Every structure is written in C-alpha cells, then in structure tokens.
Amino acid sequence: MLLCEVNVLCHSSETTLNKHISVQYEAFKQEEEEKLKDQRQEISPDVYFIKQTIGNACGTIGLIHAVANNQQHLEFDGDSALKTFLDKTTKMTPKERAAFLEKDESIRVTHESSAQEGQTEAPSLDDKVNLHFIAFVNVGGQLYELDGRKPFPIIHSKTSEDTFLEDAVEVCKVFMARDPQEVRFTIIALSKDSD
C-alpha cells in the first residue's frame, strides 16, 4: 500500500483530505454536529474511530483511520508499531484509543520521524496551525467521514469499492464549495502499490 496525491477530482481507494480550517469550516462543523445529533445515524460497529486529543496530530489520526478501516487489504511487518497499536485498541472506545495513543511511545516516535521526512519543517505539537486532515473510508458499503475532532463518524452516502473515490470526491467538492476563496486543499489516497 502507498499514499499518493490525487491530482484531479475525478475517478479511483481511501482518501484523506487536508482542509484549511477557516471560519466557514468551523461554523459548518458546529452546524453539522448539531443537525447530526438529532438524526441518529446507524454507525457500524466495524468502523474504527479515534478521537484526536494530541495537537497537530491530525495527519497521524487520518492515517490511523484509513489503515484501521482497511486492515483486510493490508500486510503489516511483524514488528509494525501501527499494527501493534491497532491490535491493542480494537476493543476500546474512541476516547480510550486517544488516551492510549497519548502514551504510546512507538507511535510517537514513528509520527515524529515521519513528520521530519517532509519537504517543509514540521510544526511542533503545540504550534497553532490552520490545516486539518480527515479520512474517508468505505465500511460496509457506507462512505464515512472520520474526523478525530468531531464527536463521531459521519455517514455521507452509500458507496462501493468501485465508486468509493468518486463518492468521496463529491463530498470533497461540497467542502471546497463552502469556502471558494480557499485554495489549500489536498487529497491523498491510500491505494494498492502497482508492483
């Protein structure tokens, strides 16, 4: 499996969306949460969801969401810190997973080393940043938005392995339309390696 940038908003796996956290985004987030509290979505018990309690760790949380909800398609190294974390937290609540993550030294080390590999200087966990990553996953034929800053997963629509990317892109387009002056959106897909 590999992470690759999606360069066009059309056609083909799991998507992580980097969103600029604008005033419009925060206002919509609050409005959406209030509306969804009253609607009572049927969240599948198969959805792996973790709350984000660590600052500037949304990329790691997004990756955990994408990987955890696609384990059946992945092969892990025997000593994988992520696989160990997922195995230990599978029966926990989202808040318990977050508390476990806060203390997990191997994930912290992996997070820090991965953050340092980027082309730009990684912000510290305490820096104030206005970008945020979320993940979209297909669990049981439903398109879920997983955002560790929100209280629960959000179901957007039905989906399938064949239509997942198209379905996720449609949701991304709605997000982008909320703040048309903002150009800082990035879509990254977790996909099968072509080898």
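Glycine is treated like the rest: Cβ placed from N, Cα and C.
Because TrEMBL annotations are produced automatically, they should be read as predictions rather than curated entries.
Note that this is a predicted model, so its numbers are computed, not measured.
Taken from TrEMBL, the feature domain 'UCH catalytic' covers 1-192. Across all of the domain 'UCH catalytic' (1-192), the predicted model scores a mean pLDDT of 81.
Look at TrEMBL and you will find Gln52 tagged as site 'Transition state stabilizer'. The Cβ of Gln52 (site 'Transition state stabilizer') has 23 neighbouring Cβ atoms from other residues within 10 Å, across all protein chains displayed.
What TrEMBL lists as active site, nucleophile is Cys58. Of all the Cβ atoms in the protein chains shown, 23 others lie within 10 Å of the Cβ of Cys58 (active site, nucleophile).
DSSP gives His132 (active site, proton donor) a strand state. Per TrEMBL, the feature active site, proton donor maps to His132.
Marked as site 'Important for enzyme activity' by TrEMBL: Asp147. For Asp147 (site 'Important for enzyme activity'), the Cβ neighbour count at a 10 Å cut-off comes to 24, with all displayed protein chains included.
Nearest in space to His132 (active site, proton donor), taking C-alpha to C-alpha distance over the recorded positions Gln52, Cys58, Asp147, is Cys58. Across the structure, Asp147 (site 'Important for enzyme activity') and Cys58 (active site, nucleophile) place their CA atoms 8 angstrom apart.
According to its DSSP assignment, Gln52 (site 'Transition state stabilizer') is coil.
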